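Enquirer: Got a structure here, written out as structure tokens. Questions coming.
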Protein chains: 2
Amino acid sequence: MSPSLVLGIDPGTAVTGYGVVAYDGRIATLVECGVIRTTANDPLPQRLLEIHEGVEEILARHRPDTMSVEDVFYAKNVRTTIVLGHARGVILLAAQKAALTICEYPPAEIKKAITGTGAATKEQVQFMVARLLRLKSAPQPADAADGVAAALCACLTSSRPKLPELPPMRIPLSKLVK
Amino acid sequence: MSPSLVLGIDPGTAVTGYGVVAYDGRIATLVECGVIRTTANDPLPQRLLEIHEGVEEILARHRPDTMSVEDVFYAKNVRTTIVLGHARGVILLAAQKAALTICEYPPAEIKKAITGTGAATKEQVQFMVARLLRLKSAPQPADAADGVAAALCACLTSSRPKLPELPPMRIPLSKLVK
């Protein structure tokens, strides 16, 4: 089976974290991670364009087959959550335009897949992200690590059957037709 | 002054209403209106793509200079409001990509600009939309009328100075140089 390439995203209007992870069904390897930053004083449409183009750039560079996006966190501040919805919208749009498989996970599910508990602390998640990817330390900044965690979650909870690739069976006709 | 062309949008995940209105500073004229419908059973990213492409199609057809978008209505159902945020995100993205002037108005402000009161009923708004555009009846379906209302709001509250276009002054050189 050829390794799948997963782009994980932790959406945000100010900082969108991302991580690209290669996964061969057993071992996950970090390919790239980072953040897309927007300027606080820019109007929202301008920031949405920067996020959208930032994601499209990563897609063009790595051509992943899957996007894993952290689901909206129901913040107490409704306005913040709605603005976050705008950012998620342009991120999902980029994935759909590129015909990727899209996975969405609530934050607790990502934590559980990586640490075993949905109530894990940020430090616990970062520790396990580094361990699972055999890194000396967690990816920096923290938002990038959250993007990587989303990608790892899609790898670890992937329900695709991991069948070994067998050569096609060839039965001589003489054995089938007696 | 050449008339400005305003695309008004009432965003929705299921039905996005729109209206294109030409405005010369005094008279507003309806150019086109309609709705972009998405299929309820499709996944959200697919629906976002349809909304985005639908808006881009209208932009390509009419080349408006302004987009007027109804602001998010703080519905009681937070989930619905967040999903609506996704739709608004891809709509604003289309406007920003086309470098339009973007105006956003809360629903009450649109109602007030058109009927004189932010507490107007839907019927009152539709009646006034028809009257202001000199139409026999309100645009159908109701979501299209809401898109037209958003466009009209941008026309009526536009703060751009409405200076008459004067021919360039020509002073004979003889009068300047004695």
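Glycine is treated like the rest: Cβ placed from N, Cα and C.
Annotations in TrEMBL come from automatic prediction, not curation.
What TrEMBL records for this protein is below:
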| type | residues | note |
| --- | --- | --- |
| ACT_SITE | B:Asp10 | active site |
| ACT_SITE | B:Glu70 | active site |
| ACT_SITE | B:Asp143 | active site |
| BINDING | B:Asp10, B:Asp143 | Mg(2+) 1 binding site |
| BINDING | B:Glu70 | Mg(2+) 2 binding site |
Enquirer: Between B:Glu70 (active site) and B:Asp10 (active site), what is the CA-CA distance rounded to a whole number of Å?
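Expert: Between the alpha carbons of B:Glu70 (active site) and B:Asp10 (active site) there are 5 Å.
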Enquirer: May I ask which residues of the same chain, at least 6 positions away in sequence, place their Cβ under 8 angstroms from the Cβ of B:Asp143 (active site)?
Expert: B:Asp10, B:Gly12, B:Val15, B:Thr16, B:Gly17, B:Val35
Enquirer: How many neighbouring Cβ atoms, not counting its own, are there within 10 Å of the Cβ of B:Asp10 (active site)?
Expert: 26
Enquirer: How many neighbouring Cβ atoms, not counting its own, are there within 10 Å of the Cβ of B:Glu70 (active site)?
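Expert: The Cβ of B:Glu70 (active site) has 24 Cβ neighbours within 10 Å.
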Enquirer: Secondary structure at B:Glu70 (active site) (DSSP, helix/strand/coil)?
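Expert: Assignment for B:Glu70 (active site) reads strand.
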Enquirer: In terms of DSSP three-state secondary structure, what is the assignment for B:Asp10 (active site)?
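Expert: Assignment for B:Asp10 (active site) reads strand.
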